[in-house]
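What TrEMBL records for this protein:
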type	residues	note
ACT_SITE	101	active site, nucleophile
ACT_SITE	105	active site, proton donor
DOMAIN	12-215	domain 'GH16'
CARBOHYD	109	N-linked glycosylation site
SIGNAL	1-25	signal peptide
């Protein structure tokens, strides 16, 4: 209990670092449907979104502009009940065979069983850097804040202001890093029952369709990508580029304590521990300090 109390105190103290009300980027102004528009809706004053999956189609949105560095936040309430076989994806990505990408994917499960929070990062088209977690809360009962934060030094995945994963920049040692391509923000809800739940053994139960994921408060505190000139502009250490501040170059001790608590108690897969998968030839970043 003592460790949990300390965790909650640290969470309260540092929650202001990613205040979801700090920037307004409504779905209606900043995103558009690129798939399954007939299955989806932007609601209210444009700050609420729902994506729908049925037997006819899934659905997806993406941002009108790409970004390089900053913080992307969204409040998401995942598909409730029997969500087996469904995937709700939330990520930033460039395009092409050598694309960069930073992922959250939420793998559904049968009623009463927990979601899997699946994270990954692609650099120059290469992924296979998965880390997975169980949620320490019910992600279907209420909205939770999922944040992708990246800067020239590190990428950090946050849930409700709690860091769960870090990928640091070791480009000077030959390890690719996502710092030269603008990335758009995407979210989608789709049928992945060939792999998502228990390796594809559990399929979607279409009798409980439609499946609905709900979103609020898309916020992009990020550098707008304006072509190659942005590579240097977005990385420049200036007051406007708040993400380049030394405060964001490494997690604080309190943040590290939060992350350790999550990883010790809720991490279920780490590619850096899967020696069998890589036949002993582990990705080079696995030998580097990430925190």
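We count from 1, first residue shown onward.
Placed from the backbone N, Cα and C atoms, the Cβ positions cover glycine too.
Counting only same-chain residues at least 6 apart in sequence, those with a Cβ under 8 Å from the Cβ of residue 101 (active site, nucleophile) are 91, 92, 93, 94, 120, 121, 122, 127, 178, 183. Taken together, the residues in the domain 'GH16' (12-215) have a mean pLDDT of 91 on the 0 to 100 scale. Within its own chain, residue 109 (N-linked glycosylation site) has 83, 84, 115, 116, 197, 202 as residues 6 or more apart in sequence whose C-beta sits under 8 angstroms from its own.
Long-range Cβ neighbours of residue 105 (active site, proton donor) (same chain, at least 6 residues apart, Cβ-Cβ under 8 Å): 87, 88, 89, 90, 91, 117, 118, 119, 120.
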